[in-house]
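J.: Structure below; questions to follow.
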Amino acid sequence: MSASLINRSLTNIRTELDFLKGSNVISNDVYDQINKSLPAKWDPANAPRNASPASLEYVEALYQFDPQQDGDLGLKPGDKVQLLEKLSPEWYKGSCNGRTGIFPANYVKPAFSGSNGPSNLPPPPQYKAQELQQIPTQNSAASSYQQQPFPPPSTNYYQQPQQQPQQAPPPQQQQQQQQHQSSHSHLKSFGSKLGNAAIFGAGASIGSDIVNNIF
């Protein structure tokens, strides 16, 4: 914003203050207090440069860091470090407990900034147990399948197959069997009668020969 516009606004404010004072809206003390708070003329070169607390950035140490050389800042877990400069993604410069130095960026996390997320370069991640499990091979999968317990009897997985009922022979075939058995019995009876007749005939012939010899 240009300096002329700012100075014009200051002039308008003083004019309004004079009007309020003349109208008995504000007292002389209030008028003097406000008028003294305003600069006579605004100069960009003389503008105050006060750093607000919100612009300060702090980090919290996660791990202990022992200085390796001059200029390093030793850290202990829980130390609050005022961040002065980010030299690189790997190294920060900060101040803690009256000491200023350089420390690893992945040894700290943001603090007092409303964010609890990790730093830009977190330590190596911890692998989950699920990721460490080996993928089973085909042989191991087959072995595990064979070692599975048998299912309970209620599942009827191993039930014996039901015996199919034997079908009765057709009526025609059964009738033929009955006829064959009946004819076989008739032949047997007829043969028995023939045998008896032959025996009777032979006996009668012998008897007649004996009678003829007597007479």
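Backbone N, Cα and C define each Cβ position, glycine as well.
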J.: Do you know which of Ser52, Ser88 is annotated phosphoserine by Swiss-Prot?
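T.: My reading of Swiss-Prot gives Ser52.
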J.: By the record in Swiss-Prot, which of Lys80, Lys86, Lys193 is the one labelled ubiquitin cross-link?
T.: Lys80
J.: According to Swiss-Prot, motif 'PY motif' applies to one of these ranges: 124-127, 128-131, 144-147, 168-171. Which one is it?
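T.: Here Swiss-Prot associates motif 'PY motif' with the stretch 124-127.
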J.: From the set Ser27, Ser55, which residue is assigned the annotation phosphoserine by Swiss-Prot?
T.: Ser55
J.: Whole-number Å distance between the CA of Ser55 (phosphoserine) and the CA of Lys80 (ubiquitin cross-link)?
T.: 16
J.: Please work out which residue of Ser2, Ser55, Lys80 has the most C-beta neighbours within 10 angstroms of its C-beta, and give that one of the recorded positions.
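T.: Per the Cβ count, the most surrounded site is Lys80.
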J.: Between Lys80 (ubiquitin cross-link) and Ser2 (N-acetylserine), what C-alpha distance do you get in Å?
T.: 41
J.: Is Ser2 (N-acetylserine) helix, strand or coil when read with DSSP?
T.: coil
J.: Counting by DSSP secondary structure, give me helix, strand and coil numbers for the domain 'SH3' (54-113).
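T.: Secondary-structure composition of the domain 'SH3' (54-113): 5 helix, 31 strand, 24 coil.
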